[in-house]
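These features come from TrEMBL:
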COMPBIAS  1-10  compositional bias 'Polar residues'
REGION    1-30  region 'Disordered'
REGION    53-282  region 'Disordered'
COMPBIAS  85-98  compositional bias 'Low complexity'
COMPBIAS  132-149  compositional bias 'Basic and acidic residues'
COMPBIAS  173-187  compositional bias 'Basic and acidic residues'
COMPBIAS  217-228  compositional bias 'Basic and acidic residues'
COMPBIAS  252-261  compositional bias 'Low complexity'
REGION    356-389  region 'Disordered'
DOMAIN    565-915  domain 'RNB'
BINDING   ASP577, ASP586  Mg(2+) binding site
SITE      ASP585  site 'Important for catalytic activity'
Amino acid sequence: MDSPQQSKANLNREPKRSQNQSSTPPQKDAYARLLSQHRSSKFSSYLEQYAKDSSIQREGNWPNPLLKAQSDRLNTPQQKRDQVFYDFSDSSDFSPSSMKSRGEESSQSMYMEKLSIRNAQQDCERQQGVCDRQRRGQRRDTTTSHDGDIESGEELGSLKPNEVKKQQKQQRRFKDSNKDGTSKETDSFVGHPQSPKKASPSGQEQDKMKKSKKKMLHQEEEKNREGMSKMTLADAQMSRPKSPHSKEKRQQQSQASSANSPADKNKNKGGRGQKKQVFEPYMTTEDVSHGLKRGELIQGQIRINPKKYHEAFIPSPDDTRDIFLDGIVARNRALNGDVVVVQILPQEQWKVVRSDTDCEGASESETQKEHIMQRAQKKRERAPSPDVIVEDQCSDQEELISKQKNITLMDTGGPLEEAPAPRSNGEILQKTAKVVYIVEKKHSRAATGFLKFLPDKPFAMFSPVDHRVPRINVPLRDCPEDFRSRSGDYTNTLFICRITNWAADSNFAEGQLAKTLGQAGEIEPETEGILTEYDVDFSDFSNEVLDCLPKNLPWTIPPEEMRKRRDLRTECIFTIDPATARDLDDALSCKQLPDGNFEVGVHIADVSYFVEQDNALDAVASQRATSVYMVQKVIPMLPRLLCEELCSLNPLTDRLTFSVIWKITPEGKILSEWFGRTVIRSCVKLSYDHAQSMIEAPEKLFSAEELPPVDPMHPIDEIHQAVLNLHSIAKNLRAQRFSGGALRLDQIKLSFTLDKETMMPQGCYVYQYRDSNKLVEEFMLLANMATASHIYRKFPELALLRRHPPPKTKMVDELQELCDQLGIDIDLSSAGALHKSLNTTLGDDEYTSARKEVLTHMCSRPMQMALYFCTGVLKQEQFFKHYALNVPLYTHFTSPIRRYADIIVHRLLASSLNCGPRLGLSTEEVEKQASHCNDKKTVSKRVQELSSELFFGVFVKVISIFTLVEVQLKADGAPMKYSALLKRPEDGMS
């Protein structure tokens, strides 16, 4: 064995020798560097002897006398030497210093084990598109089976039996051919899996070997696609927890690591007695905190691509391209929506993409030696994005503020460079990362899916419908009683399963069945599955909550409360809502003054009167945070007694309200403003259709039969004139907003007509947004903006406001480039410029509306979600702005029946007016509630979309209106421009 001094000498001689060697391309990994440091006859002879003994040991499972002698000489237990191997199994650095610290003999033992693994990897490296992380020794990419399940590859250390025999044969051939003991032959052996006697084999032999290896890979993939191979089942079984305590589990893993008997090796196909960890252990809380403060780690909410579940992203703090997480291992058991902490990988592991929408670029490993170009100057200066504050849902607010003030991206070794500019071929580098800690598990850990019976196993395999959730091992005791004997009866049955554990050494999670839903494709089972999966609380309200409601029904306003409020019951006040609405939380009034101006009022249900701070009702409302509107029903935030009775501004009934009343000119200029608690009596419940009819027929005299019941104190003509006056003022307010730089992107919304008995869809239509909708919207916006200014002025540290960050810079730039290429003249420099472009530059022909709809959808993609926040946490006022409305301050005040954020705003407003108690929340508590409202708002929107998709799918299936439509494409003469002609099926076709 060479001494360290001899190793250094060999290292010094290496550059001269390598000039004459051209048979092997330069290696980029640590193993070739190790070999280059030990090219000596003694090392070659050692490899020869080790290969021989290792081959004998593998074939007969006999103890290795050489290793035994070394172990005796070093007085090192076998368990410890095995542990050394695992400590370095994923290391990317194999320096001589690290070898010295652990003993040269044990390092070479480790190296030979690595060598056998690398030979199997050569096949993968020849496949086109193999990613860089495979070449670094990690497990191969997961694949999707035909039912969307996650098919996980085994760790690379577990070779197939035929691969082991092949390596043994190659090692024996190496021994026979290596009589000279030259380092050249040793180098050839390391560089190629074939025999070193034929360093440059013929083309036929190469083809033959390639075909053989491809065949082996193909067989391996076939086993993966079957879903439950013996190895996979064994792995799944091993992943089951042996103890509910993590400490006991670690002790068992340590015991498994020390096992070194032949029987243990046979059980574990890798032959090393311990199952390799699939996922890295999480960092400690202390390390994460220090890493975030130093800028070495990044916190954000993970988004997993629903169509390509191996792709995940978190937003970049510097508002550049999202950070990419490649594969399930990089996600480290985090699920969609979780708040995670990630560590940026070294730059040579970053991903090459051609555009922001292209996430399938080649691996950076092919070009890691190229010089990275410096980042190009940005096209224009933009305000820094405030995403970090809101996207990083961290409990430590001070840490969030420090991150906002000083954002730096660092890898494991030091600060990262700026994101590189596009290369000459248009490719761009995208940063990659791995999850090192889960701050908050926002995913419900529940999923809908199907059960598969596994013969001779104590568990069944649960396959989620959502491919972003892993497959789950479910104990048979949780399955239906007859599932074992009649598993085929449950092929199309939907179940709900909750993940209870996901061990670091398993590709599969463990879980328990929560409920059997019913047949897949039916509305009620699918709806319940959606609600459960997104953690929407649709349970009945508890008796403790209901006890917080008034007991004496029918309820009347107490006289002492009446004396505290302004009495508006004689005013002409009415509601305008959808025809089916039952929770009426806003009303309008408009009275012309003698001077020609108007007194306009917005009256909102005073929910905070009934929902007192810190009682059981308040707790459940804050947890639900919002009502969830589905196609066929509503999941209310509050008990129906409040939603539909006591708080709802039903007609001809005295109700408690919070009012904003302005004195306003016909042109929409506000002269004065008043806030206060009031009592109203709505004179009529108008639908949007009723109001629209009044707007479209200003001279018509409406009869009582054409409208809902009306209070006799207010003639129909008075109500009609009030609607017309509100419409006139609203048009002026709207024009002022858009001339001031506001933006509205009208997205198409699908609505359904339902059978009243079965609630099955009978038809669908596009919801029309008309002048009556715009009238109500305009005054709700005015009330929200006025309330935001008022509470921020009174409570600058506690105000709960709503902001809308500007769109993502990179996505806006790319959209601008696309529009320029298509010849579309559009200005994306500001909200107002975009709104003007969408309404003035799209032509005036039969396709104008279609072009506008498509472009509106494209422009909505770069937009970010509006977010609640506490002003005491986000100090910089420039970040308070609402991008789409183009106003400095905005909040939600007008829908307290269905939004908890509005209840907090009502409490702040009442406290500011000395007509209510002070808000019993700190700045941090308000911010925490704001964050929770953001999450629930996002969930509510997604559930609503899924409900609409479900009903549309059922409608298409039942009606079958699209089954016989034929599409023909016709060329227009110009390349890549086509029109589609839809042909209806001929009569008599079936």
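Including glycine, each Cβ sits where the backbone N, Cα and C put it.
Owing to the predicted nature of the structure, the values given are computational and were not obtained by experimental measurement.
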Rounded Cα separation (Å) that holds between ASP585 (site 'Important for catalytic activity') and ASP577 (Mg(2+) binding site): 9
Cβ atoms near ASP585 (site 'Important for catalytic activity') (within 10 Å, other residues, all chains): 24
The domain 'RNB' (565-915) [mean pLDDT, rounded to integer]: 94
Neighbour tally for ASP577 (Mg(2+) binding site), based on other Cβ positions within 10 Å of its Cβ: 20
Same-chain residues at least 6 apart in sequence whose Cβ lies under 8 Å from ASP586 (Mg(2+) binding site): THR575, VAL602, HIS603, ILE604, ALA605, LEU649, VAL776, MET780, THR894, SER895
